[in-house]
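Copied over from TrEMBL, here are the features:
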type	residues	note
DOMAIN	10-352	domain 'Acyltransferase 3'
TRANSMEM	83-101	transmembrane segment
TRANSMEM	130-149	transmembrane segment
TRANSMEM	170-198	transmembrane segment
TRANSMEM	210-228	transmembrane segment
TRANSMEM	233-252	transmembrane segment
TRANSMEM	258-274	transmembrane segment
TRANSMEM	307-328	transmembrane segment
TRANSMEM	334-356	transmembrane segment
Amino acid sequence: MSQSKNWSPELDGLRGYASLWVVLGHICNLTECNIPILSSPSIGVDIFILLSGYLMAKNYTERQHIEPWNSVKTMTSFWMRRFFRIAPLFYVLLIIALLLGEQFGNYREAIGNVWASTQTDPEKYADTSVVNFFAHISFAFGFLPYYSARTTIPDWSIGLEMQYYALFPFIMLIIMRFGYIKSSLFIMASCFVASQLAPEYFNEFTRPSMIAFKLPLFIAGMLIYKAASDNKIYYSLVALIAPISALAIGFLITPTRMVIEIIIVAGMAILLYPHKNKSPFKLIADTTKAFLSITLSRFLGEVSYSVYLLHLMIVLPTIGILIEYPTFINLNPILRFIIATAISVPITYVISTWLYKNVEVKGIAIGRKIIKPTSSKVKEVA
């Protein structure tokens, strides 16, 4: 996949390990193996969100000289790029998830019957209703609490991402008029006000699939980009307000989770900021970047989207079959986790590699042909 002239390979690696975190976190939960932090896969999603905010701001800014922010063509080109980046693979796996939903639901119910703490509503996997289908293919499901998490794939965050893409060009117009800091504080405050005006609506969600829950974190990623590109650390300090504003909204977040999100925001800011040679953070950042840039890390990043969408369709049957053996159920939780990981992770990555090459890449290529960009000098980091 093409990269921009200022492409940072460590971003691929970070995205790859965030995706792996989500996979391992779900395996932890489904084998009733409580490994602190790792067994919270939604933290990996938060890293995705920060990266998305960072990359969208980076790509949009680097294209500004050929795609002015106040141009309708710029906006439509952006939306088309993001649609063809996300939709082709999503639609393929959505159809499979709906067709095989009953089987996945049976596996999920069996797992919940073995370990009560893992129980969830298995009926959501088999919902092949017309409303559920159209809610998903239109990406409107993120706004609808009942349909926001109603398939096998963890698509609540995909609906969230598409909402962010829909708003992003307008966010950049606000930033162009008022600057990053004023705009960011205004947007975070607006999310809080929305939660106070419609608390019943916010309270219906079981996942933060509606944009107001996570928009502050997307904005934090954008602020981290601004800090890195302008070499001004105070933008990163403003980014630290995002988790606090999310807690103020008051839904689907705890004080402990807020602290974790602050640590993640600070860590990403330290990683991507251009430190001076005498800075105590430079060695840490450079070492981490080097690790995130190795071939394995970059491979994990390439297939991260496929892995994220696919993995539960592999993990659920794997564990569902394993629990048919009492010996597996009675094993130490760590051993259950290791066995399930050893079986499901390789299968997931092999299939995801095929999906990346044959669905993701081709979908992106189709989008580029439709858009027919006026210049190839600046290319987007997908």
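A Cβ is built for glycine as well, from the same backbone N, Cα and C atoms used for every other residue.
Since the structure is predicted, the reported quantities are computational estimates derived from the model, not experimental observations.
By the Cβ criterion (under 8 Å, sequence separation of 6 or more), the transmembrane segment (170-198) is in contact with the transmembrane segment (233-252), since 3+ such pairs are found.
Here the transmembrane segment (258-274) has Cβ contacts under 8 Å with residues 8, 10, 14, 37, 40, 43, 46-47, 50-51, 54, 217, 220-221, 224-225, 227-228, 231, 233, 236, 239-240, 242-244, 246-247, 281, 284-285, 288-289 of the same chain, all six or more residues outside its ends.
Counting residues 6+ beyond its ends, the transmembrane segment (334-356) has Cβ neighbours under 8 Å at 23-24, 27-28, 30-33, 35, 89, 92-93, 302-303, 305-307, 310-311, 314-315, 318-319, 322, 328 in the same chain. Mean pLDDT for the domain 'Acyltransferase 3' (10-352) in the predicted structure: 96.
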